[in-house]
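Working notes, structure below.
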């Protein structure tokens, strides 16, 4: 079974998801995990599909791209191998005045503590910059990590909070 | 909505759990297999039950038994064991987030009559083992229902984690999963660690 990584990005308009999903369904491409979101007026889709060959999907998306409105990429990827043991889930929230390097500096602190970012989004609203990251941390590092995050945030002039995101099992 | 409006007994007929314990059911509970989504029984509003019926009492005992052998499980609704009946068991005893704790209990035909102080929290479910989601639940709750066996109407006032658990189980009886209530398109997460 082919596994494909597909990205589609273009000026937002109603119907992008339906158009792309229709093409994929017609080809028998099964949409598995995906995120689709609007980023400053552009609609961005990142999808993993299983089914047809990459070239077939690429060709089928050409008519959508031909209007010059959408940019699509398709490439074959290797399916999940052995999944490494997960850490403890946390959410890092950063906000403050926009400047260069906030994401780079803050995520570097996470990586250096053995953290693994599993989801991240940023928003720029006026001069306010917001970063939200889901991160898995090795057991027991959160307390010292908070200090390091605060130091780096202070250098950048932004605020940071790190809170546990462990689910309650019901 | 009050008990009277929903066709149930008048509010003054309700009492707390009293001396009810799972042992009041007398019959021994059997562990049942837990079903996972997608399964039609999890998406169907369950039927009202006769709390005094023999099969309801057995189901109540089985829910308690199944809940007790499932690690980390604080509540289990009949649809989760494949039975479309409005019955669930809850026990949040010892949970670090619990404030008010009523111990182990089973309710039949339960309904929420008051829900206030809504708070977001991340939930997981035995019937959706690979995902979690951010869901708003009332942190102050009044629930009415019937005790299995005696059929006595009860009114429970609770809060915090027990309130969250009750709403999650009452949702199961209405054919709803936490997935039906997640806060937004980015509020469902892959769950990697099964406690």
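Counting begins at 1 with the first residue displayed.
A Cβ is built for glycine as well, from the same backbone N, Cα and C atoms used for every other residue.
Positions annotated as active site by TrEMBL: B:169. All protein chains considered, the CB of residue B:169 (active site) has 26 other CB atoms within 10 Å. Secondary structure from DSSP puts residue B:169 (active site) in a helix.
The Fe cation binding site feature in TrEMBL is assigned to B:125, B:168, B:172. For the recorded site, residue B:125 (Fe cation binding site), the DSSP three-state label reads strand.
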Neighbour tally for residue B:125 (Fe cation binding site), based on other Cβ positions within 10 Å of its Cβ: 27
For residue B:172 (Fe cation binding site), the number of other Cβ atoms found within 10 Å of its own Cβ: 25
Binding-site residues (B:125, B:168, B:172) in Cβ proximity to chain A, threshold under 8 Å: B:125, B:168
Integer Å distance between the CA atoms belonging to residue B:125 (Fe cation binding site) and residue B:169 (active site): 10
Nonlocal residues around residue B:168 (Fe cation binding site), in sequence order (Cβ under 8 Å, 6 or more apart): B:75, B:123, B:125, B:137, B:178
